[in-house]
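So the structure is just underneath, and the comments pick up after that.
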Amino acid sequence: MFATDSPTLKTLRNALPRVNLYFVYKNGYSKEVKNKPIRTLLVANRGEIAIRIFRACTELGIKSVAIYSEQDKMHMHRQKADESYLVGKGLAPVEAYLNIPEIIRICKEHDVDAVHPGYGFLSERSDFAQAVIDAGLVFIGPSPKVVANMGDKMAARKAAIEAGVPVVPGTDGPVTTTEEALAFCDKHELPVIFKAAYGGGGRGMRVVRKKDEIEENFNRASSEAKAAFGNGAIFIEKYIDRPRHIEVQLLGDKAGNIVHLYERDCSIQRRHQKVVEIAPAPRLPVEVRDKMTEAAVKLGKHVGYENAGTVEYVCDESGGFYFIEVNARLQVEHTVTEEITGIDLVQSQIKIAEGKTLEELGLAQEKIVTLGYAIQCRVTTEDPAADFQPSTGRIEVFRSGEGMGIRLDSASTFAGAIVSPYYDSLLVKVISHSRDMPSSVAKMKRALREFRIRGLKTNIPFLLNVLDNKRFLHGVLDTHFIDEHPELFKYQPSRNRAQKLLNYLGEVLVNGAQTPLGTTLAPADINPHVPEIPIDLTKKSIDREKDGGPKVTAPPEGLRNFLVCEGPAAFAKEVRSRKNLMLMDTTFRDAHQSLLATRVRTHDLLKISPYVAHKFHNLYSLENWGGATFDVALRFLHECPWERLENMRKLIPNIPFQMLLRGANAVGYTSYPDNVVYKFCELAVKSGMDIFRVFDSLNYLPNLILGMEAAGKAGGVVEAAISYTGDVSDPKRTKYNLKYYIELADELVKVGTHILCIKDMAGLLKPEAARMLVCAIREKHPDVPIHVHTHDTSGAGVAAMLAAAQAGADIVDVAVDSMSGLTSQPSMGAVVASLQGTPLDTGIVLADVSAYSAYWEQTRTLYGPFECTTTMRTGNADVYSNEIPGGQYTNLQFQSFSLGLGDMFEDVKKAYREANFLLGDIIKVTPSSKVVGDLAQFMVQNKLSGEEVVKRASELSFPQSVIEYLQGYMGIPYGGFPEPFRSDILKDMPRIDERPGANLKALDFDKLAEELTKTFGKISERDVMSSALYPQVTTHYMNHRDKFGPVDKLDTRIFLTGPKIGEEFDVTLEKGKTLSIRALAVTDDLKGNGRREVFFEMNGQLRSVLIPDKEAMKKIHIHPKANKAVKGEVGSPMPGNVVDIRVKEGDKVEKGQPLVVLSAMKMEMVVQSPSAGIVKKLAVTKDMKLEGDDLILILE
């Protein structure tokens, strides 16, 4: 042994200036330490921890070297280093970073001095530490011996016992078989916890509480441990319920000095992985803290610990604490300790590895103090609502939260980054630091709310719920915190509206219109002018507003103000008492149903709504809902009809709203259980509806009465309608004569209607007939207001309405001039002008009508693809012969064109007349009019005359609507069904001889809501109601809404046909939130999965979306997706690899039975059967890579 000052030793030092020379004593420490500067450092890791270490290197003037797998070729960490090299070519993603020989080779080939293992991967592998040292390199961490002993759970436990640190009962060594696991559980009883024997971070960890779960959990834990650490051995110990998880940070040098940097609370965990960490631990008694830190330092000295490491404890409710393990590496949560102590742990690690002592670093224990509180939230690409399933793919949008007191440690956090299923789901660590716990929480919440991450799901909403929890705010924490607070999972998911809209626009640009277009006429490139509303800014108005009166922007009071205050009965009396003619404006519903196939969107209705509220406040009502608008909104316009109603009500608070209610059919085309009709009316009133025009397509009284009762019970004004057909002025038309209508009116008045309506759906009410019918009803019912509705198909509509008014009608229906005529209602301007200066003067200003009409004249050009004038240029008096309803006329034309009968529409009209008489000359209004139309098209398509249809009735295959009508599903027509025509068609089919919905079982709304919630997550009462009426249409709409967002906010041309490349446009999402979008380009080249990239600029930032090209994909095999709407299709809950298949085709499975095992992000998941059934088709094979929602199998 040389003396420390011997000449020989000095000679060696001069010859080998970079070699540390020190004497090693039995405790592992050296008596003398010499510095060895590190010039080049390689990080044997990836992601945010690699970047964290590179930054420390840069600050210390050390060259940094990265390694990356083939899958990480585009990852940010390789770009942050001074040099980067591929490792593990051809290997699996994780194996690449576990390839020790290749990592050493890279170090030697590129003059690396030292290696930092980071955390995870090889960080706790003693053989790696030894290989680094054997290669003549510096390993930044504890000695291989310490790494081995601390990585071995049993050796660490033994050392803790020797050091006098409390421990919990556990196995004496690693366990590798289920038999050993069962034996331990039998001896020590449950619960127990399985842990990976050679790694941490929650991988390979399972808590077992039931004996029958031991084997499955052991196998899963072992499999995860092997995948993460290369060894599947498991350590088992008794599980302590409700513990706090507290760890102490140590830092030791080569001279045997060890200090602690106080403690961290890591109790907020899921699947034994930390989610939120806090330093120092809140509400931890000082005496307990001192004992913990003292024991940690004692254990560190006992094992000869050097560099950074962590001693972890569980702490029970009484303050007792027990050793868990030592993490012989840097921890993910080291950041919070850095923040409260001001000590850079990574730089300290490097300096200690160079040979510096704690004293040289100025790290004496008495000098280490804490300041304030720091919190770390791990933002991960996981879906908390789906049991934290990993979310992988492309980050479409990334915007971080920053500012004072916020630190971000991240890696692939930029738009366009790909989050793969191969590695951990950690995206960014957000660290807040402030003077106390509440202010640190406030900073963290602010920062998290600033984040905008699109394309992937994250746990940010969940983290915000944790931070808002009162127990968290008061520091009352344990490892059961997440499990015992299910409310943490109840949050409003990010709406992601902007990115969803970009996806919709991309879809239109790549695949064309997303709603069927009726004609080749394109929407006009125009922005309709909305007439201005003058605001009264006089002192009187401003003072009135200050005193709590109406705002200066509020519209004048209208009839709705009276209705709300006095109720329906008083409202009807008020209407009847008025001497002038009142008008209902149909522009918002029936007019565009008749002229534009019901395609007018909420977007254009809301633009003009404030003007209507101010200028037409003296209208009787505004018809704006019900009828075909309900299902068309859902089916073709991809918007919610309930939202339409509510938004119009906000803008038009003063005019009564009126809707069309199809009696027992509500707004559908079939009979519903009675409770559905009642619930619908209740919700309609709640959403802003006032007047219900209740009709039945056959004037079938039982159906009418049900609708009237439902509307009345809901608090609405009941306007019972007599559906008009025939001609009361023609003595030869005897079926529907004056007597028939008077008797029907008597019945409706008897039932209690507030208003009586004559509903002329086809425009058959000639002026003389109008006079006769109104006079007769007025004479019989002098106190009941009469409301007349017609269509102007023949061109005689204005004359008929004037005749009705002069005969005593109180209200008539009109449409604004540019939306009137043809199959719509008579012209508002014509009626207003005709009555000016007469006792019936409407009180409406003609100039206001003109301005209103100008808006709709321009707006109508946006709906060119649905314009009726492409096929119908003028009105046509042949309606008196064919009796086609105005609302059906244009739709029937479009249907004829789609069936290839466009050139034969005149034949269809003639056949319509024949079909009507074949069916018994019935009332024709939706849905009975559809039956007549279907039969007419059937006759033309098959070249059948009326006589031939009757003759061959028993052998022809009639449209389903015709069969259901004859069975009685719509009710019983006046005069009964035609015989023997009916019997010839139905043969022995069942018949209904009473109200169709009378015996239908009440709908279970709660059950329907539960089913919808399972499929779509959060749903509203309105969604449930829509589904009750239109199940398939609503499902399609909700899928579209989830995928593409609020498309109703787009301008109409852009909604229908998409923007032009280079076009800039605005989209207002809500008050004060407007997106500025420019369409930039659509790529010509296809991605490998058949997708095209579409580029946009949004609010000045470049964004892109990947859109599957449906035509191109027909030539490419793409794995099918599971359809949520199809029962029995089981999809992958997360992206990953199929590691095990538990069933085969033909197997019978029970609900909850394991089907397949998936692996992603080093986590395994068992996919269970959602229901009992038989495996009809298996769509996956072992080792197949799946994307989220990829089809796994089909059950039947």
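Our numbering is plain: 1 for the first residue shown, then up by one each step along the chain.
Each residue, glycine too, has its Cβ placed from N, Cα and C.
The ATP binding site feature in TrEMBL is assigned to K153, E237, H272. For 157-354, the entry in TrEMBL reads domain 'ATP-grasp'. The feature active site is assigned by TrEMBL to R329. If you look up TrEMBL, you'll see 581-850 marked as domain 'Pyruvate carboxyltransferase'. Annotation comment: TrEMBL describes K759 as N6-carboxylysine. Residues or ranges marked as domain 'Lipoyl-binding' by TrEMBL: 1127-1196. Annotation comment: TrEMBL describes K1162 as N6-biotinyllysine.
It is R329 that, of the recorded positions H272, R329, K759, has its Cβ surrounded by the most other Cβ atoms within 10 Å. Surrounding the centroid of the Cβ atoms of K153, E237, H272, where the record places ATP, the chain contributes additional residues within 8 Å, namely G170, I193, F194, K195, M205, F235, I236, I324, E325. Of all Cβ atoms in the protein chains displayed, 21 besides its own lie within 10 Å of the Cβ of E237 (ATP binding site). Put simply, of the recorded positions K153, E237, H272, K759, the one whose Cα is nearest the Cα of R329 (active site) is K153. For the pair formed by the residue listed as 'N6-carboxylysine' and K153 (ATP binding site), distance between Cα atoms is given as 84 Å, rounded to the nearest Å. In this entry, K153, E237, H272 make up the residues listed for ATP, with the farthest two CA atoms of the set 17 Å from each other. Counting only residues at least six positions away in the same chain, the Cβ atoms of G170, P174, K195, A197, F235, E325 sit under 8 Å from the Cβ of K153 (ATP binding site). According to DSSP, the secondary structure content of the domain 'Lipoyl-binding' (1127-1196) in residues is 0 helix, 38 strand, 32 coil.
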